[in-house]
Each structure stands twice: as structure tokens, then as C-alpha cells.
């Protein structure tokens, strides 16, 4: 603009001095090439302006693209974060599922071990029955044959259970190996593992029922064996002979009624005088979880424990447990249950064990 203003007096106004002599300092403007130079300069300025505008527009577009790209990156980050969170939850759920499966397998393994122990006890009792069968006196050949046949059947059933338990142990081992490979398995394979565990649990329950039936048969065999051995022995029928005494397991009554029942049979409630007596009673009651009255009682906690014959209790064999310090109007009486002697109110109902001397002359 300043350059054009300087040009106005030269182009538009008459210069009085131009007639006589050339003006000083403006000899360049009066040359013939300044006009093309100005046009060229104006074009360059215009081109630069257009270039700047185009570049600014491109910069804005690039900025918008960068913002859109940044938004896409943020959205992808959120998606990736959600996917990672979902994957982590799935892994946690898988770990929890595997932990539950392992706990179930540990529980089943423990149950199998318990059943194996019970089976060993049954086998030992069966062996004792076989030995007692050989020592049975004055038993008829037919009775012995029937008992032996029943024992053979019991052995066969026990062997069958043993084989099935081995199969269950093998299945359990296979489940444990499958659990170690659970990370490679899909949800379908885990469902199959759970179904196998459910099937194994059902089989265990069935075997438990069968063992309970075998226990009952074993008890019946013991009672039948004792009856066969005592049919003409030193004890009356249905009584169990051991050393110098005969024993009878009687129905459930309170302590006083049980004592009267034993007296009516010319006997008394159980009295333990030796360690051998205690071991015999513990073995005879091991098959049952029911309580059995003994001939031991006292009127109140300040009185000593006395047997029916008036002799005091010797604590070298056992000690009583339970509420022995509590006072009852009917007194406190002792019963044996699960190999432990307890003290309780005499008015309660329990089974009883009658005891009397054996007629050893019949064995000579």
C-alpha cells in the first residue's frame, strides 16, 4: 500500500518540475520495468495466500483425521479392555470350577478310604466267624453247613464289593488325571467330568447301602453262631458264653425295669470286673450304635459308683463321661455306647446286658 501511495503523484497528478528536469530519487520508478515487477509480486503474494489457505485447510483435515483416529484408538482400547476383563472373568470361573471338582474328588477319595477300612473290618469279622464256626461245640452238621453257606455267600458279596471299590478307585484316579488336563478341555468336557463324579457318588451310596446290609447279615450270623454254640453248652439258649459268664442282650427299658428283667432271668445287669470282660463287651457291642445299660449306678454326685452287688467301681478299667455331676430324682446310671461309658438319668430308655455265671460243668 505504501508503494502505491508513492506512485500516485507520479501517475495521476501533473508534476510541474517534470518539464524542466528529472525528479531526484524517483528515477527507478520512472523506468519501464517496474510495472511487470509489481504484477509479478502481486501474483506471488496471491499464490502464497492461496497456498497458505490450502495448507491450512489440509492441516484442519489432518487434524480432524487425527482426532477421529484418536477416537478410534480410544474405542479399540475400551473394547480390548472389555475383552481382557471378560477373559479374566472366564479364567477365574474356570479356576473356581476346577477347584470345586478337585474338592469333590478329594471328598470321594476320603469316602473310598473309609469304605476300604470298613471292608477290612468286615473281612476281619468274617474271619473271626469262620474261626468260631470251627470251634463251635455240640452244633449239628446241618446247622454248621447252613452257617458256612451263609458265610461263603457273605465272602462272595464282600469280594464283589472289593472289586467294585477297586474299579471306583481306578475311576477316581482317572478323574484326577483328567482334572490336571482341565485347562485344555472345553466346558463340555468339564460337564462330563461332573457327570462322572455324580455317577461315582451314586455308586458310593449304593455300596454304602450294600455294606449296611452286609453288616446286618454279619450280625445275624454272629447271633446264629452263638445260638448254635450254646444250644447244649453252659449257657441257656440265646445267651452268649464267654469265659465264666453268660450274657444276654435285652430290649429297651429304663434302668430299673432292665434290672428287674435280668433278676427274673436269675441274672444281673452287666458288671465289668476284669479287662477281659471289658474287651468282650466292647467287641460284642461294636456292631451297634445303641446304648446298653450296665449294673452301675449312684443316688447323687456325692455318693460313690456302685455295682448291683454293692461293690465299688474300680477306675482302672474305664471312667464315666457325660453329666455325671448332675442330680436326678431317679439317680444316675451308666450305659456303654460306641466303646465309651456314659452317665445319664436312670429314667431314660436303653437296651441292657444281663449277666450270670455259666454252668461250666456241662463243658467237661
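The backbone N, Cα and C atoms fix where each Cβ goes, glycine too.
Among the features that Swiss-Prot reports, topological domain 'Cytoplasmic' is placed at 1-31.
Residue 35 (S-palmitoyl cysteine) falls within a helix when secondary structure is assigned with DSSP. Swiss-Prot lists 35 (among others) with the feature S-palmitoyl cysteine, giving similarity to another entry as the kind of evidence.
Per Swiss-Prot, S-palmitoyl cysteine is recorded for 45 (among others), and the stated evidence type is similarity to another entry. For residue 45 (S-palmitoyl cysteine), the count of additional Cβ atoms within 10 Å of its Cβ stands at 10 [all protein chains shown].
Among the features that Swiss-Prot reports, topological domain 'Extracellular' is placed at 55-364, with the record citing sequence analysis.
The annotation N-linked glycosylation site is assigned in Swiss-Prot to 72 (among others) on the grounds of sequence analysis. Over all protein chains present, the Cβ of residue 72 (N-linked glycosylation site) has 10 other Cβ atoms lying within 10 Å.
Sequence-distant contacts (6 or more apart, same chain, Cβ under 8 Å) of residue 92 (N-linked glycosylation site) do not exist in this structure. Marked as N-linked glycosylation site by Swiss-Prot: 92 (among others).
Residues annotated as repeat '1' in Swiss-Prot: 96-141.
Annotation comment: Swiss-Prot describes 138 (among others) as N-linked glycosylation site, evidence class sequence analysis.
The repeat '2' annotation in Swiss-Prot covers 142-187.
For 188-233, the entry in Swiss-Prot reads repeat '3'.
Annotated domain 'C-type lectin' per Swiss-Prot: 242-355, in sequence order, evidence recorded as sequence analysis. Per-residue pLDDT, averaged along the domain 'C-type lectin' (242-355), amounts to 88 for this model.
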Where does residue 92 (N-linked glycosylation site) sit in DSSP terms: helix, strand, or coil?
helix
At the Cα level, what's the spacing in Å between residue 35 (S-palmitoyl cysteine) and residue 45 (S-palmitoyl cysteine), rounded?
15
Can you tell me the CA-to-CA distance separating residue 72 (N-linked glycosylation site) and residue 45 (S-palmitoyl cysteine), as a whole number of Å?
40
List the helix, strand and coil residue totals of the domain 'C-type lectin' (242-355) as derived from DSSP.
20 helix, 42 strand, 52 coil
